[in-house]
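Peer 1: Features from TrEMBL:
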- A:71-76, A:105-109, A:129-130, A:142, A:151: NAD(+) binding site (BINDING)
- A:184, A:247, A:264: Zn(2+) binding site (BINDING)
- A:67-179: domain '3-dehydroquinate synthase N-terminal' (DOMAIN)
- A:181-324: domain '3-dehydroquinate synthase C-terminal' (DOMAIN)
């Protein structure tokens with residue numbers, strides 16, 4: 001097991017990465033202020049991993065309730081969130097009851113947001129069960145639900161007490177979900193680590209084949225980068241926005257097609273290709289660079305072409321991006337492979353060319 | 001105009017108290033990060049005070065949207081909150097658009113919570129229009145909505161950038177609402193300032209008659225006390241809980257009767273009588289002390305007898321109190337008039353006697 005430490009100005013918490021950690025109550029117990037927990041999971045994960053976690057907690061004398069939500073991005077809504085509140089209140093959960101998110105990004109985001117709001121703030125713990133959640137969404141305290149007009153529009157910055165990434169849980173992950181997670185892994189290489197990007201180009205097949213050492217290295221490297229960036233800028237007033245590479249386009253795809261049509265990672269993948277194409281338009285990347293991006297994303301089993309939302313729809317959805325400032329869209333683009341920057345200098349013409357696919361080579 | 005400063009560990013903000021402040025954009029502008037605002041108000045306040053505020057902002061070149069919500073505690077729900085999010089997104093409000101709460105406690109709590117959640121945190125400003133909001137709820141950053149099973153169960157600690165208490169707005173306040181505000185005013189005397197309590201006993205008729213100097217002094221003294229307590233304990237891990245005097249009983253009354261049947265201040269008034277009666281049962285107050293509490297509350301035009309919820313209902317609703325720890329109810333009680341304490345030592349017998357009204361003298 002590897003343990004990273006995410007250091008914030010007035011808090012810090014461990015990220016444990018390893019195998020067979022799900023029932024390691026010794027990793028959980030130090031973070032429960034009272035022996036009371038509520039596991040939040042979904043109908044796909046519950047039959048696989050709920051019983052061992054629940055039994056391990058109960059064996060330690062921890063009063064444990066369970067909330068099982070429907071599975072999928074289309075349920076990342078207030079109505080589903082309210083099922084958590086209903087269960088917590090019906091179960092007399094207190095302000096110090098710890099919420100445990102056992103699931104992927106949707107479960108983690110919703111459980112974290114429920115914890116942020118329940119009695120104005122209850123403790124919570126992340127046990128991510130997907131690659132995407134292990135490398136990205138479970139770390140850093142971004143929590144949210146979707147609004148029909150915009151992805152993750154309603155939420156909070158609210159940090160977990162501990163993140164436990166058990167690599168064994170990835171054994172049951174469907175291939176499509178694995179690929180979706182690889183989109184975020186590739187994102188880390190593109191935005192800030194050219195060496196990691198090259199490693200990914202050499203190891204993408206091993207990752208898709210779930211080679212344990214390769215997966216563990218990728219999870220560790222992504223969590224290291226995320227911990228460093230979030231430690232510098234918890235509330236995204238600066239550098240943290242770079243983690244949004246591909247997300248302005250990606251969120252528009254998700255909202256535009258209806259949440260759940262594409263997986264988040266798939267939308268981010270196509271979004272990163274658009275970000276690369278935009279960077280090429282600005283003269284920052286050359287055709288060979290863009291080709292490298294497209295090729296790696298393709299080899300990861302991910303889409304490289306965004307759906308045709310139509311320019312009006314694209315602009316409408318991107319207009320609700322959280323990075324918009326005084327009416328101006330701000331994009332995360334690539335100065336070079338391994339170096340992302342924020343730019344508000346993308347002209348309407350460039351955007352139109354990129355979004356109509358006129359300059360995409362794949 | 002008097003200005004108090006609420007100092008927190010890593011922030012501070014002004015509380016302006018005076019007359020004719022509503023259109024004083026010089027008090028607002030320094031707190032808007034971009035010239036964009038959304039006023040949230042209700043259908044009662046809008047015809048009275050919306051136009052002058054909106055015009056003053058627009059005259060300063062501040063892009064201003066308006067959200068008018070239905071009025072009353074029964075609307076302090078997710079559905080109403082979502083009307084704010086819908087309007088903000090439809091109006092392309094950004095993460096730096098400032099939400100301005102123009103209303104009483106319900107509007108302030110909901111607007112603050114909407115600001116806490118919108119794009120994970122937008123700035124907000126409180127312009128309280130009721131005595132209750134001016135002396136209590138607009139200061140200190142407690143925001144929330146109700147859940148059918150418990151008052152203020154879903155919310156956040158989220159501080160405004162500035163609080164502007166314009167005493168002139170109280171001219172249109174209905175007498176019943178004025179009395180409800182006096183309940184919180186009396187609370188401050190009871191919990192921490194015997195001298196202020198004595199002043200209230202001498203000035204309660206002037207306050208009900210809306211004597212400007214008396215009202216302004218009362219608002220100032222309450223805000224001073226609140227600022228001091230919140231400055232010590234923003235997240236209510238200790239002393240801030242004392243501000244909940246009368247609220248464990250009061251919240252149970254509100255939830256038990258259905259939100260809006262009694263005003264919050266009315267429920268707190270009856271709750272403070274129960275807290276005094278409980279304190280007498282514990283031997284802390286004598287009969288004359290309790291009589292003083294009851295008499296002052298009666299003179300303020302407030303109920304001194306709680307409705308008969310039945311013991312099971314009382315316990316059920318109080319069991320959802322945010323102060324419950326490991327299954328134990330914790331009450332704010334009075335060691336003496338002007339000195340509140342937290343106690344988890346109230347026996348079932350005492351509670352039963354107090355709640356059945358067997359020891360209430362009025």
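Any Cβ shown, glycine's included, is placed from N, Cα and C.
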Peer 1: Going by DSSP, is residue A:130 (NAD(+) binding site) part of a helix, a strand, or coil?
Peer 2: coil
Peer 1: Whose Cβ lies within 8 Å of the mean position of the Cβ atoms of A:184, A:247, A:264, the Zn(2+) site, other than those residues?
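Peer 2: Not counting the recorded site residues, we get A:132, A:136, A:137, A:183, A:187, A:246, A:250, A:265, A:267, A:268, A:271.
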Peer 1: To see if you understand the setup: which same-chain residues, six or more apart in sequence, place their Cβ under 8 Å from that of residue A:247 (Zn(2+) binding site)?
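Peer 2: Result: A:268, A:271, A:332.
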Peer 1: Can you tell me how far the Cα of residue A:107 (NAD(+) binding site) sits from the Cα of residue A:184 (Zn(2+) binding site), in Å?
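Peer 2: Spelling it out, the Cα of residue A:107 (NAD(+) binding site) and the Cα of residue A:184 (Zn(2+) binding site) are 17 Å apart.
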Peer 1: Name the residues of the same chain, 6+ apart in sequence, whose Cβ is under 8 Å from the Cβ of residue A:264 (Zn(2+) binding site)?
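Peer 2: Those within reach of residue A:264 (Zn(2+) binding site), by Cβ under 8 Å and sequence separation of 6 or more, are A:73, A:105, A:132, A:180, A:250, A:254.
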Peer 1: What's the number of neighbouring CB atoms sitting within 10 A of the CB on residue A:73 (NAD(+) binding site)?
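Peer 2: Result for residue A:73 (NAD(+) binding site): 21 neighbouring Cβ atoms inside 10 Å.
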Peer 1: Around the Cβ of residue A:107 (NAD(+) binding site), how many other Cβ atoms lie within 10 Å? Please give the count over every shown protein chain.
Peer 2: 30
Peer 1: Most Cβ neighbours within 10 Å: which of the binding-site residues A:71, A:184 is it?
Peer 2: A:184
Peer 1: What is the interatomic distance between the Cα atoms of residue A:109 (NAD(+) binding site) and residue A:184 (Zn(2+) binding site), given in whole Å?
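Peer 2: Per the Cα atoms, residue A:109 (NAD(+) binding site) and residue A:184 (Zn(2+) binding site) stand 16 Å apart.
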Peer 1: Measuring Cα to Cα, how far is residue A:130 (NAD(+) binding site) from residue A:184 (Zn(2+) binding site) in Å?
Peer 2: 12
Peer 1: What number of additional C-beta atoms lies within 10 angstroms of the C-beta atom of residue A:109 (NAD(+) binding site)?
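Peer 2: By my count, 26.
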Peer 1: Helix, strand or coil at residue A:151 (NAD(+) binding site), per DSSP?
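Peer 2: SS state of residue A:151 (NAD(+) binding site) = strand.
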Peer 1: If one measures from the C-alpha of residue A:71 (NAD(+) binding site) to the C-alpha of residue A:184 (Zn(2+) binding site), what distance in angstrom results, rounded to a whole number?
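Peer 2: With distance taken Cα to Cα, residue A:184 (Zn(2+) binding site) is 20 Å from residue A:71 (NAD(+) binding site).
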